[in-house]
Structures are given as structure tokens and as C-alpha cells.
Amino acid sequence: MALIRKTFYFLFAMFFILVQLPSGCQAGLDFSQPFPSGEFAVCESCKLGRGKCRKECLENEKPDGNCRLNFLCCRQRI
């Protein structure tokens, strides 16, 4: 009986430790270096995934708000 209780507490503690770890997309994103295309990462999007955060929008994109610091939320022109 005591072994089952200890196993339960161990698994319960491990669950909460794993929950506290950030996901791969969020881990270190604030300190990541941007890619040459001007994007931070695939997971760095804005406007519900319809735009990308860039320093400058491409020719076929228009600025549609701000992401953070000096970055614009760029969306495709329609």
C-alpha cells in the first residue's frame, strides 16, 4: 500500500515539473537571433497566424499592426 502511494506522489510531482517547462516554440524566443529573411521563427506569428513579425514588410505584404519592439505585423496584400 505504501509503495502505491509513493509511486503516485512521485508521478504527481513529475507531472508538475514537466508542466513548468516551456514548449520548444516559446523557449528562449525573446533572446533568439532572427533568421536572414527577417523572421524570428516559424512560431512567431501575429493576427491569429495570418501575419509574420518582420522588421520590414516584403513587397507583396502590408503592415497591419506591431508585434514588439520595432517589428511590424506583415500580412499578404489581397
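Cβ coordinates come from backbone N, Cα and C, glycine included.
Going by Swiss-Prot, these are the annotated features:
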- 1-27: signal peptide (SIGNAL)
- Cys43-Cys74: disulfide bond (DISULFID)
- Cys53-Cys67: disulfide bond (DISULFID)
- Cys57-Cys73: disulfide bond (DISULFID)
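Ranked by Cβ neighbours within 10 A across all protein chains shown, the disulfide-bonded residues Cys53, Cys57, Cys74 are led by Cys74. DSSP classifies Cys67 (disulfide bond) as coil under the three-state reduction. Distance between Cα atoms for Cys67 (disulfide bond) and Cys57 (disulfide bond): 12 Å, as a whole number. Of all the Cβ atoms in the protein chains shown, 21 others lie within 10 Å of the Cβ of Cys73 (disulfide bond).
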